[in-house]
Amino acid sequence: MAQHRSSRRRLIGGHVLRADVQALRALAVVAVVVYHLWPEALPGGFTGVDVFFVISGFLITDHLAREVDRTGTLDLRRFWAGRARRLLPASLLVLLVTAVAVLLTVPRNLQERFLTEVAASALYVQNWQLARDSVDYLGAENLPSPVQHFWSLSVEEQFYVGLPMVIIVAILAARLFVLDRYRAIFGVLVIVTALSFAYSIHLSSASPGTAYFSTFTRGWEFGLGGIAAFAPPLIATLTRRGLVVVRTAAVLAFAAIIGSMVVIDGDTPFPGWAAAVPVLATVVLMRWGVPTFMTPLGRFAPVALLGRISYSLYLWHWPLIVIVPFITLHPLTTSDKIAIFAAAVILSWLSTRCLEEPIRFWNLPRLRPSHVLGATLAAMAPVMVVALAGRAYVEDVRSDEVTASAKVLDDLPACVGAAAIDADATGCGDPLGRPLTVVDPAVAAQEEPDFRDCWATNGVEELNMCSFGPQTGYDLHLFAVGDSHAAALLETYRYMAEKNDWRIDVAAHAGCYWTAADIDLDGEDQEAACRAWQANLTDHLRESKGTYDAVLTTHATSLRIGDRPEGLSRTETVVWGLVEAWKETDAPVVAIVDNPRSTDTNAQCVERNGVDDPQRCGTSRSYGLRRFDGNAEAVAQSPRAALVDMTDYYCTATRCPSVIGGVSVYRDQTHLTTTYVRTLAPYLDRRVRKALRELEVVPGGR
C-alpha cells in the first residue's frame, strides 16, 4: 500500500497549481469564445469543452483518490460542499444578471423559453432541457438562449455527483470480494468509460442532437481523464527516463488539439469517434505536460491570466453574445465582437478576483459542509425567483393578449391580415402601414396549430391522420400531406372543408414530406423514421385508389437532400423526388408553394416597431424567397398536377413584411402564425378551387 501512495504522490503531486493545466484551460476557453464569435475562423472551437471535461475528470478523480488513500472512503458532503464553493458563486451571479437582462432587453416571445432555461441552468439540468428541445422539431430553429452554454456545466455537475458514487460502489465491491481498492476503482472506471464511449458512438449517428448534450455520451471524456489519474507506475518510469519521448508526445498532442479545432465542424457527428482525438490528446498533456513546453507557456502572464479566469470567461462571454443584438437590433459587427471579447475578459477578471476566489479560499474553521450547502440553496433562491416569477408574468400577459386577439378575430373583420393585401380589397389603405393590432410577438411564438391526430413528430413512423368536414355525404374527398408547413395550414383546411362541404384528411410529419428523394435529417433514427413514414404514406395512397378526388401537398423550402440519383444536382433531385412520389396516386395533385422565410430578428423588430412603424419589419422579396421547394418545376413535369402560389399574400413586389393588415405573419423564422393563416383561408380556398377546376375535379366526378 505504501508503494501505491508513493507512486501516486510522485505522479500527481499535491494541491500545487499546475502551470501546464492553466495553459490548457486558456487554450480551451479561447477556442470556445473564438468559435462563438467567429465560427468560420475556428469551426471546431467547441472541442474546447471536451478539453475542459478531461481536465475535470483527471483532477477530480485524483482528488477523490487521494481522499480514499488517506481515509479509505469518501466524505460526500464535504466534497460536494467544496464543489459548490468553487463553482456556484460565479455561475449564480451570471444567471441572475442574465435573467434580469432577459426581462429588460429580450422580446417577450423569447422570454418564457429563456427564463425556463435559466431555471434549468440553476438546477444544473440544462443539458437535458436542450436534449429535449433538440428532438422537438418545432423548437429546432429556436434562437439559442443566453444560458445555452450552461449545458456543459450541467454535465460537469452531474459528473461530480456520479463519480463519487461510482468510487464508493467500487470500494464496497473491493471490501466484499477482498480486492485491492485501487484496482477495483480503476476497473470500474474503465468499464463505465468503455460503455459511455460505445453509447456515444451509437447516439452520435442515431440522434446527434441528443448525443451532443447527453451526460451519458460525455461520461467517457471525464472517465479517460480519471483513468489517466490512476495510471500505473510504469507511466511514471517512462516520464522520468524518456524525456524526449514525453516532450515529443506533448507537441503532437497539442497539435492534435489545435488540428481538431480547425478540422472538426458542425457537420461532424459528435462527440463519437471524432471527440477521441482532442480527448486523448488532452489526456497525454494532463499526464505528461509538466516537463514540457506547456509549463513555461502556462507561466506566460497573458496565458496565466486566461487560465485563471477561464471558468468565469466561459460563463460571461455567451450571454453577452446573445443579449447585445437584442439591444443594437442588428447582427454583431466585428467591432461588436471585439468589444464583447474585451468586456467578457474584464467581467471575468472582476468576478474571479472579487467573488470566486475570495469565497473559494475563505478559511473559516467552523464552516461545515452543511453550512455551505445551505448557503448554496439560499443563493439559488434569487435566481429561481426571478426566472420563475418572470416567466409567470410573461404567461399572464400572453394569456390576456390571446383573449384580446380572439375578440378581434371573431368575425374576421375587413382589412385584417391577408384581407388587407388582397388585390380586390377596397378601403383598406396601405396593408403594410396598419399598426399591429392582432397577435403580439409574444403570442405569435406560441401560436402552434391544433395538430390533433394529424401530426407525427420526429422518430414516428406511423401515418397519423385527422379529418375535417363531414365524414359522409361530402361533395369532394381530399387528402392534404406534408411537413410542419402543411400542418401550419390546418386552419385553412378546416375552413375549406366546412365551407365547401368537403372531407379533407390530413397527415403531416416533422421535417419529412411526400417525396421519393432521400431527406437529410438530424441522425439515422430520424431519417429511418421518415423513410418508414413515407413508405406508409405510399401504401395508404395505393390502397386508397379511387378514394381521393385530389391530393394537396406542401413542404418547407429546403435542399436537405441526402443520397442523390447519379447525375442529378440537389435542385434536380428535389424536383425528381416530387414527380416520382406523385406517380403513386391516381388522384390529381395540387402543390402549394411554400411561404417565405423570415429572419431571426423578426420578433424583436415587430415588438418594438409593430405599432408605430410596422413597415420597418420584414425582409426583401429576394431574401424571403431565396429557398427552393421545387413545386413549380415538378408541376410542369406532371400532367395531372396544378400549382397554387400564395406569394402575393406574403410579399409585395419588393418586400415580404412581418406585419400585414395589423397581424403578425410569422411565429418564428419559417412558420406562419395560426392567426394569419385564419385570415389567409378564404384566399387559399379560392385558389385551390380554381386549381381543382383546371384539373377537372368536380363533385361526383370520381
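Placed from the backbone N, Cα and C atoms, the Cβ positions cover glycine too.
Note: TrEMBL annotation is automatic and uncurated.
Feature list (source: TrEMBL):
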- 20-351: domain 'Acyltransferase 3' (DOMAIN)
- 462-685: domain 'SGNH' (DOMAIN)
- 21-38: transmembrane segment (TRANSMEM)
- 44-65: transmembrane segment (TRANSMEM)
- 86-106: transmembrane segment (TRANSMEM)
- 159-178: transmembrane segment (TRANSMEM)
- 185-202: transmembrane segment (TRANSMEM)
- 222-238: transmembrane segment (TRANSMEM)
- 245-264: transmembrane segment (TRANSMEM)
- 270-290: transmembrane segment (TRANSMEM)
- 311-332: transmembrane segment (TRANSMEM)
- 338-355: transmembrane segment (TRANSMEM)
- 375-394: transmembrane segment (TRANSMEM)
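Same-chain residues lying 6 or more positions outside the transmembrane segment (375-394) and placing a CB less than 8 Å from one of its CB atoms are 84, 88-89, 92, 95-96, 99-100, 102-103, 108, 111-112, 115-116, 118-119, 122-123, 442. Between the transmembrane segment (21-38) and the transmembrane segment (185-202) there are fewer than 3 Cβ pairs closer than 8 Å, counting only pairs 6 or more residues apart in sequence, which means the two stretches are not in contact. Note on the domain 'Acyltransferase 3' (20-351): its mean pLDDT in the predicted model is 91.
Tallying C-beta pairs under 8 angstroms between the transmembrane segment (44-65) and each of 86-106, 185-202, 245-264, 270-290, 311-332 places 270-290 first.
Touching of the transmembrane segment (185-202) and the transmembrane segment (270-290) is concluded from the presence of at least three CB pairs under 8 A, sequence neighbours closer than 6 excluded. Counting residues 6+ beyond its ends, the transmembrane segment (245-264) has Cβ neighbours under 8 Å at 27, 31, 35, 42-45, 47-48, 51, 238-239, 270, 274, 277-278, 280-282, 284-285, 288-289, 291-294 in the same chain.
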